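Comments concern the structure below.
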Amino acid sequence: EAAALAAAQAGGADVRQATAYVSLEPCAHHGRTPPCAEALVAAGIARCVVATGDPDPRVAGRGLAILRAAGIEVREGVGRAEADEIGAGFFCRVRAGRPLVTLKLATSLDGRIATATGDSQWITGPAARARGHLLRATHDAIMVGIGTARADDPELTCRLPGLAACSPVRVVADSGASLPAGSALARSARAVPVWLMCAEDAPAGNITALEDQGVVVHRLPRGADGRVRPDALLQALGGQGLTRLLVEGGGVLAAALLAADLVDRLAIFRAGVMIGGDGLPGVAAYGLERLAAARRFSRQSLGETGDDVLETWTRHA
């Protein structure tokens, strides 16, 4: 808001008695800039239309209170659903300290992501793969497990025309810091950031070799299973300011996040092919014994993407 006001005033606009439309409650605290609510008051606006509130405890209604105390008319909730969707990642980081997690799977009709030999290129068609790249461009970070990183040697960038600069931070969950220094990810780490999330006791030599390539290494505690704790991993990403995380596999990482109840959304591309029970599952076993304990999701959309189908799901509250 402050930047918009400054731009308007610099251009000679008189904003006194004007109406300000904002998607998020004006802030009430001093950060990198002064409070936006105070800037709106100083500008002399008469009315402020606010889509949704700011859950940040430094704001949380205080911004609106500043406006009302100055005699500014405030209307809340106009376009709330749209604003809440735009800000979903930010809200998740503020409330839970972690990014909003979307698990993306590209599977056969029987839920497999590869054959028994690991052959997975390509289950889905060009349109679905392009849509997957668009998903990458709309997230702050993309994460895979070390199994996927080693088996596929992926780039994890957005390769749609004109959107290469929107490639997200590339994150590898790798407890032992075993990502090969010659992998596509490590070799390109200075061009597009790569963060390795390893255990505190991962081999120092492995870490040094990766850091020499430009990989940023985060050391985290192990869980009871010996792997980096999923909650600690996501908290570390949230602490770096990331608000939306796209998880692209593999099955072991997906299972760990689901078991820890850390998946908020699903994006499932389903292709018209059957692989069979010996194929690799999209989600590995994670010890679920009772169906009542399974996390339920509500379908948000279902549509065709070329010859494939894309379903999006959101977790029940």
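Cβ atoms are placed via backbone N, Cα and C, with glycine included.
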Select one of Arg131, Arg136, Arg265: the residue that TrEMBL places in the substrate site alongside Ser120, Leu156, Arg159, Glu248.
Arg136
Among all the protein chains here, how many other CB atoms are within 10 A of the CB of Leu156 (substrate binding site)?
25
When distances run from the Cα of Thr148 (NADP(+) binding site) to each of the binding-site residues Cys27, Ser120, Arg136, Glu248, the nearest one:
Glu248
Subset of binding-site residues (Arg136, Leu156, Glu248) lying within 10 A of Ala106 (NADP(+) binding site), CA to CA, in sequence order:
Glu248
Counting across all protein chains present, how many other Cβ atoms fall within 10 Å of the Cβ of Glu248 (substrate binding site)?
23
Structural state of Cys27 (Zn(2+) binding site), classified by DSSP into three states:
coil
Given the binding-site residues Arg136, Arg159, which one is most crowded in terms of C-beta atoms within 10 angstroms?
Arg136
Whole-number Å only: compute the distance from the Cα of Cys36 (Zn(2+) binding site) to the Cα of Arg136 (substrate binding site).
31
